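A.B. asks: One structure coming up, written as structure tokens, with questions to follow.
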């Protein structure tokens, strides 16, 4: 009989475990069923969304805010923590911003602030409806641009997973990550017209432990741009294009910028972009440092500047052209990069005369020019370390003497 006596307690323990597991399932806060949201594309979602967030954030057990399928108009929303327990947002529907840029007085549309243990998922779409903004966003119209909203902002967010979300036609950046730690963005889809200005796919700064994985980015500016203070970051399995490539920077434009270090970009495909793997710093008086940057296993398809270090970065020729960049670049590698260049200059290393690039490595490079001329490589103020087979031959071409005007 003793063996049978042992079975009953075991079954009882399993039952208790099952009951306990069922209790830790997140409580659902449905913006339609519980908070009165209407998926009619006209009624503002802001209050139901914020009310659902506040109630979920105050819960002492894990919770999920649910936005069901349908089309919702959202004027803007600021979702703040800290929350008392882990919190999720399950976005199944399409959330649209007001199309008129004048509806925004600051650069925020959907903002998450000071949230920990957060997840957003569901296959939903954040549609910035940016077409009117694109027409008015010119180099001269700075005041207008300063009020354009980012589609989704993550500010001071820790331990987060953003998964299976689409950002469409943002008026400015699609996603901005600032002062975040341990945040993963995975299986995202980002799309805007190739002529849409300042629509960086994902931009980050002053963040650590950011991972961007298995995402498709088509936009009018950098697919991914990495600002100052970014550390220990992984970017992999990205398809980029159209756009301006994957960029470190721009850096050196402002005082007291923090170092960028420990960035690995690998297993990416970049197609029909103006740049591929790029580091860009401004000429002028402000310093900074960039180190341990590694581009590896990247395919370039018809990219105008596949490999580029540009320390004379000067978009629209608005910089101090006669000054050298004060940003120090060191320990940078480009390995196993292959494909085609739309222009003959497949590799450009334009480093600072006052602070030359240190320990720049080229290994196993094979980039063919799509035109009749052979691909070339240009070098200024750098002596790259070379490993393996290299095409084009390093530093084989002339060096431009004026700052570049590419964005």
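We number each residue from 1, going along the chain as drawn.
The backbone N, Cα and C atoms fix where each Cβ goes, glycine too.
Relevant sequence annotations retrieved from Swiss-Prot are reproduced here:
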- 1-26: signal peptide (SIGNAL)
- 182: N-linked glycosylation site (CARBOHYD)
- 207-228: repeat 'PbH1 2' (REPEAT)
- 223-240: disulfide bond (DISULFID)
- 267: N-linked glycosylation site (CARBOHYD)
- 272: N-linked glycosylation site (CARBOHYD)
- 302: N-linked glycosylation site (CARBOHYD)
- 331: N-linked glycosylation site (CARBOHYD)
- 351-357: disulfide bond (DISULFID)
- 357-384: repeat 'PbH1 5' (REPEAT)
- 379-395: disulfide bond (DISULFID)
A.B. asks: Sequence order is fine: just name those recorded positions in 223, 267, 272, 331, 357, 379 with a Cα within 10 angstroms of residue 302 (N-linked glycosylation site).
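C.D. replies: Among 223, 267, 272, 331, 357, 379, the ones whose Cα sits within 10 Å of that of residue 302 (N-linked glycosylation site) are 272.
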A.B. asks: Round to a whole number and give the Cα-to-Cα distance in Å for the pair residue 272 (N-linked glycosylation site) and residue 379 (disulfide bond).
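C.D. replies: Approximately 24 Å lies between the Cα of residue 272 (N-linked glycosylation site) and that of residue 379 (disulfide bond).
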A.B. asks: Cα-Cα separation of residue 351 (disulfide bond) and residue 395 (disulfide bond), in Å?
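C.D. replies: Roughly 13 Å, rounded to the nearest whole number.
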A.B. asks: Out of 182, 267, 357, the recorded positions in the record, which is closest to residue 379 (disulfide bond) when you go by Cα distance?
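C.D. replies: Nearest in space to residue 379 (disulfide bond), counting only the recorded positions, is 357.
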A.B. asks: Quick one: pull the CA-CA distance for residue 240 (disulfide bond) versus residue 331 (N-linked glycosylation site), whole Å only.
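C.D. replies: Spelling it out, the Cα of residue 240 (disulfide bond) and the Cα of residue 331 (N-linked glycosylation site) are 25 Å apart.
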A.B. asks: Looking only at DSSP and grouping its letters into three states, which state does residue 223 (disulfide bond) belong to?
C.D. replies: coil
A.B. asks: Mean pLDDT for the repeat 'PbH1 5' (357-384), rounded to an integer?
C.D. replies: 98
A.B. asks: What is the interatomic distance between the Cα atoms of residue 395 (disulfide bond) and residue 357 (disulfide bond), given in whole Å?
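C.D. replies: The separation of the Cα atoms works out to 14 Å.
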A.B. asks: Work out, from DSSP, the number of helix, strand and coil residues along the repeat 'PbH1 5' (357-384).
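C.D. replies: DSSP classes over the repeat 'PbH1 5' (357-384) add up to 0 helix, 17 strand, 11 coil.
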A.B. asks: Could you check which of these recorded positions, 182, 223, 267, sit within 10 Å of residue 331 (N-linked glycosylation site), going Cα to Cα?
C.D. replies: none
A.B. asks: Relative to the Cα of residue 267 (N-linked glycosylation site), which of the recorded positions 182, 223, 357 has the closest Cα?
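C.D. replies: That would be 223, nearest by Cα distance.
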A.B. asks: Quick check on the repeat 'PbH1 2' (207-228): DSSP residue counts for helix, strand, coil, in that order please.
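C.D. replies: Tallied per class, the repeat 'PbH1 2' (207-228) gives 0 helix, 12 strand, 10 coil.
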A.B. asks: Would you count the other C-beta atoms found within 10 angstroms of the C-beta of residue 379 (disulfide bond) for me?
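C.D. replies: If we count other Cβ atoms within 10 Å of residue 379 (disulfide bond), we arrive at 20.
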